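What TrEMBL says about this one:
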type    : residues                                               : note
DOMAIN  : 29-298                                                 : domain 'UvrD-like helicase ATP-binding'
BINDING : Ala50, Pro51, Pro52, Gly53, Ser54, Gly55, Lys56, Thr57 : ATP binding site
DOMAIN  : 299-561                                                : domain 'UvrD-like helicase C-terminal'
Amino acid sequence: MLIIIILPPYMLYYKFIILERRQKSLKEIRLDKYQMEAVKSNHRNLVVIAPPGSGKTFVIINRIFYLMKERGVCGKNIFAMTFTKSAAKDMERRFLILKKANNYYSMHTPFFGTLHSLFYNILRTYCGVINIISEKESIFIIEKVLKKYTNTIREELVKDVLNNISKYKSKQQIDNHIDEKLFYECYDEYERYKSLKNKLDFDDIQIKCRELLVNNSEILNECRNKFEYLLIDEFQDCDHMQLSILKMLNKDNSIFAVGDEDQCIYSFRGAKPEGMVNFSKYFNQGKKIFLKINYRSGESIVELSKNLIKINKLRNSKEILTYNKFEGKINIIYSEDEKEQIENILKEVLYNVEKKEYNFKDIAILYRRNTEALIIIDYFLRNNVDFNLNQKYFNIYNHFICNDILSYIKLSLDNKNRHSFTRIINKPFRYISKTHIEKLKGFRKKDNCFDIMCNLNISLLQIKTIKALERKINKIKKLDIDKVVDYIMKDIGYEEYIHSYSKKLKIDEEELLYIVYVLKKALEDFTSLEDFTRYIEESKNKALEKKENAITLSSIHSSKGMEFKSVFIINCNDGNIPHNSNVNDLEDKFKLEEERRLFYVALTRSISNLNLCICSNIRGKYLPYSRFLKECNLNLKDSYNTDEVVLHKYLGEGKIRKVKENKIIIDFNGICRMLKLDVININGLIQKVTKDA
């Protein structure tokens, strides 16, 4: 039962974005009793535990307004912070709407910004002008080092190195998949450049801010006098250094933190759920208040997600109630492989859109890893389905593997293609020097690249290598189109290059091979190599175009804070979610708990329609459905034994003759049928029969 408390006008928030979608008739949105308790709390240090859809930002905004109106706190002593500039601007925008609606034009506006901007302002006030290193500069420095190891620089690798530099500076352990020699060379060059240019990054700002406050009690006291009220949104994302600085600033001041440790999914950036679970250890006499009403999702979706997340140990035990009267629909979609999966998803989407249940913009497809979107992007582009990518995306058509394979194909169609030749000549390494490759530029563009190279001053062995490569590349255009990618990988040796590249830079080879797999599947649908290369070139920018009414494609990480009427979570299989790096390390329960939190975030993006998609084969491998589905209490049964009697929904009673991996053989009155366990379990086709004695 939802208890509504009538508040004075200043406690109202007009057009609150979550609730107004559910309750179109409401002109004013009021705080529920749990939100009211948080907003009017007298506790100096308070953490508000806010489950998905419970209105956490709504509470922060009203808390600020309450402090200013009822407590007489000056806006210049209130600092509201979150983790992104866009979120901070949105918080300020919504506060100004509330302020305008209540005609309080004369009040000072509080500080709205990121934690980094607060620390930056402290340093700038007491240390003078600060030069911050740009993202472009950081990337350039790392790429400069990486070029010593490889000619192919992946954007994801650069960001991975920079992320681990941040971890290292915060005294956290760097990822074990990063090559140590490479990492420390990148780190040393990065720090040398900053020192030379007198620049700081965000980690430096945090570190130096903390050092300033630790070493200068006068400055610390000045800051404490100024920052009387600190309000932090998404508190579960704070790292150790940020918690340490907030603790120093706190002392006799007030901290009002809002977040949900069950949605702490950024441990790779140093986020710590412990800050919310053990709040009183960080902040003296810290208290907890729980928001309990989910205003977003249907009852069945709320119950499903609660069943899952309560298994985690590192969390606050909490009660979550459902506001919405509708049940919410949960579907499980079984597919043989990833191609069939997206076909099934699109059928479901079109069916719902035709029934006018949803628009395309109401639908999201979520995935654990960015590479999982590649097949979806390719399928949607070729079938003219509008979509928007939620995050800055490494487009498959701009990925180096795609460009390498495409270069082999282009070179087979045109042996004068300079760009393609220089791109692949040493992939794998064929002992052709950069000096000789550069000499190509001095020859006419209508000349055969292979002939030019053979006429340079190179060894007989190199000439032999180039001529052999030319013969192999010329053969590409004569092959059946479905054999082209395998030929480039095996016969020409590109697979060897991927293996050495991933080994040298400690990159997951499976992820790179998946790009190859997607290209192979895409190529099979074309009748000519010319059509395929034309399609790739046309698609490079098309994938990133923004459309008005389009399906959202997003990683689960990037979907946090968003909501959709209908959500599809793809590849709900063990090895994918939870990811195999965390499945194989079950001793590290923290990793498994984070994977569970990630799945919880995915589930709770849905308002009314949740679709859990399971593939029998992912990348040609059988993977069982995710253990998280069982933890959701979806009644997925997969334990069958020989000679057990079962009742099939359509075929009647039968006896199990054999169980092997993903298949089961059942004898129905002398007729044996082989069935897939995934199909019968997920669709509830059979149940065990207990014979009376």
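Just so you know, glycine gets a Cβ as well, placed from its N, Cα and C.
TrEMBL entries are annotated by machine, without manual review.
Not measured: the values here are computed from a predicted model.
Mean pLDDT for the domain 'UvrD-like helicase C-terminal' (299-561) in the predicted structure: 90. With a cut-off of 8 Å between CB atoms and residues at least 6 apart in sequence, the same chain places Lys56, Val59, Val258, Gly259, Asp260, Leu291 near Ala50 (ATP binding site), listed in sequence order. Using a 10 Å Cβ-Cβ cutoff, Ser54 (ATP binding site) registers 26 neighbours. Highlighted in sequence order, Phe58, Val59, Asp260, Leu291, Asn294, Tyr295 have their Cβ within 8 Å of the centre of the Cβ atoms of Ala50, Pro51, Pro52, Gly53, Ser54, Gly55, Lys56, Thr57, the residues recorded for ATP, and are not part of that set. The number of other CB atoms found within 10 A of the CB of Thr57 (ATP binding site), across every protein chain shown, is 23. The Cβ of Pro52 (ATP binding site) has Asp260, Gln263, Asn294, Arg296, Ser297, Ser305, Val601, Thr604 as same-chain neighbours under 8 Å, each 6 or more residues away in sequence.
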